[in-house]
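In what follows, a single structure is set out as structure tokens and then discussed.
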């Protein structure tokens, strides 16, 4: 079952690579005078990346019939809504102050534009799949203390500077003319003739490298220094932690093994203490085993999804402005890997001697998708209320539901059936007693919450520097392309999570507390809670986001992402702890 799923995902990998090559290396060749497609995409407040609107939601002149571009699933999920722009940019044809279209702005139009300029609205366009940005206007605050005295202006002239290599477009930049503006300060009718200038220049840059300028923005020397500082900081943390824990645990375990060996040679009636004392309870199955198995299955699926996304990123699929590629990959790979969740959850549930595997399978399917679906419903309603491009069209929602119905659910069920029929038994080196021993009273710092705080802090400290760049990319306008460094940080995160969970599990068992199953999962996943706490800090201290829509999108979707991290890292923590517990109890003689 897992082999077939791996083949499916690898097929997706190959197809995505092929798509990447075709979209960035296809035959974008033009003859002189031929019209090169220019699409207007969206407008929105610069500091609120989720709050974007259709370009013609503002009363720009359209210059005739507006045609919508057909978009893929990932592009729609990304909030792209491309329509034909009023500017005509023919290949290698220069223009000087050409009128795109005249426009008579009414009082209502002026008020709309003024409100947009006040909120720092920008526009985004695509010319031959190359992105263009610019602000729509400016606010003159110079020498004016009172906001009521500010002057608002709308840019009406754009200068396009285009580079070409033989018959291909290589680069484009758009500059607005600060001297050619429409005064928006007062509510009165105004004439706005939107004009543009086009200049063409030849370049030696090959077509295959035209996206490099966007990639290089995230690998500038000062950025790389900080990234490498983050890596070194994380590696030092890992080396110190793993070295410290390995030394302590090996010494302590060696002493334990010697002590227990001497106890076996001594009188049989000598009382056992420490973690050997609870050998009859340590493999007692946890409470709520259906939920535990479902969490393990969902965590395994999300871990697999993350690994495949990294594979696609490292082979260059997610180059800058490959619109919607990441969202498409997330939806498709999540659907294809649902069988892994079903197989892992059901097989583990059956190992725990669970009987109602169908209910367990339903729980597995809803554990992550359920909260994500409820969050999406609320946020999509907010986006519809704001008439934002983040609101998914009905057709796109139908496509996602069909993917879930025809791909995700059947694979989940097939995985569950395969897991049920695997008939694997839980490998416990010690026999479990009929009645559980009473757990002795423990100090407060050995409780679940203090242990989670300790377990989450160290992994979070290893990744927090890199988090800023990821947040600035996802919730800002920075470009993140150094996926190799991100992958190293992810591996470090997994190692630290596994080690800290193993150490805390040992200390818990040494205190004769045998309920380690859920504790190890919660301790492993607690890093997700720290990441969400960082969201609060980032929102209020490092970003300029504002407004109900942006706030709800940021905290809503980050809650889902952090919940996914909780499940994934919880699975990693538990698996590491299970390996450790099995190893130490195999190494002693248990009567």
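Residue numbers in this text run from 1 along the chain shown.
Cβ atoms here come from the backbone N, Cα and C positions, even for glycine.
Summarising the annotation, TrEMBL assigns signal peptide to 1-23.
Taken from TrEMBL, the feature transmembrane segment covers 226-249 (among others).
Proximity of distant same-chain residues to the transmembrane segment (291-319), defined by a Cβ-Cβ separation under 8 Å and at least 6 residues beyond the stretch ends, is recorded for 9, 12-13, 16-17, 19-20, 24, 211, 214-215, 325-326, 329-330, 333-334, 337-338, 340-346, 348-349, 352, 354, 360, 363-364, 367-368, 481, 483-484, 486-487, 490, 517-518, 521, 525, 564, 567-572, 574. What TrEMBL records for 291-319 (among others) is transmembrane segment.
Taken from TrEMBL, the feature transmembrane segment covers 325-349 (among others). Panel annotation: around the transmembrane segment (325-349), residues 1-2, 5, 8-9, 12, 16, 19-20, 72-74, 77-78, 289-290, 293-294, 296-298, 300-301, 304-305, 308-309, 312, 317-318, 357, 360-361, 363-365, 400, 403-404, 407-409, 411-420, 422, 424 of the same chain, lying at least six beyond its termini, place a Cβ under 8 Å from a Cβ of the stretch.
Here TrEMBL flags 361-386 (among others) as transmembrane segment. Same-chain neighbours of the transmembrane segment (361-386): 51, 290-291, 293-295, 297-298, 301-302, 338, 341-342, 345-346, 392, 404, 408-409, 412-413, 416, 548-549, 552-553, 556-557, 559-560, 563-564, 567, counting only residues six or more beyond its ends whose CB sits under 8 Å from a CB of the stretch.
Per TrEMBL, the feature transmembrane segment maps to 392-414 (among others).
For 452-471 (among others), the entry in TrEMBL reads transmembrane segment.
Here TrEMBL flags 483-509 (among others) as transmembrane segment. Long-range Cβ contacts of the transmembrane segment (483-509) within its own chain (Cβ-Cβ under 8 Å, at least 6 residues beyond either end) map to 227-228, 230-231, 234-235, 237-238, 241-242, 245, 248-249, 252-253, 274-275, 278, 282, 306, 310, 313-314, 318, 446, 451, 454-455, 458-459, 462-463, 466, 470, 516, 519-520, 523-524, 527, 569, 572-577, 580-581, 584.
Counting only same-chain residues 6+ beyond the ends of the transmembrane segment (521-541), those with a CB under 8 A from a CB of the stretch are 292, 295-296, 299, 448, 451-457, 459-460, 464, 467-468, 471, 475, 493, 497-498, 500-501, 504-505, 551, 554-555, 558-559, 561-574, 576-577. The feature transmembrane segment is assigned by TrEMBL to 521-541 (among others).
The feature transmembrane segment is assigned by TrEMBL to 553-581 (among others).
Sequence-distant contacts of the transmembrane segment (553-581) (same chain, at least 6 residues past either end, Cβ-Cβ under 8 Å): 50-51, 282-283, 295-296, 298-300, 302-303, 306, 367-368, 371-372, 375, 378-379, 382-383, 390, 455, 459, 475, 493-494, 497-499, 501-502, 505-506, 509, 516-517, 520-529, 531-532, 535, 539, 545.
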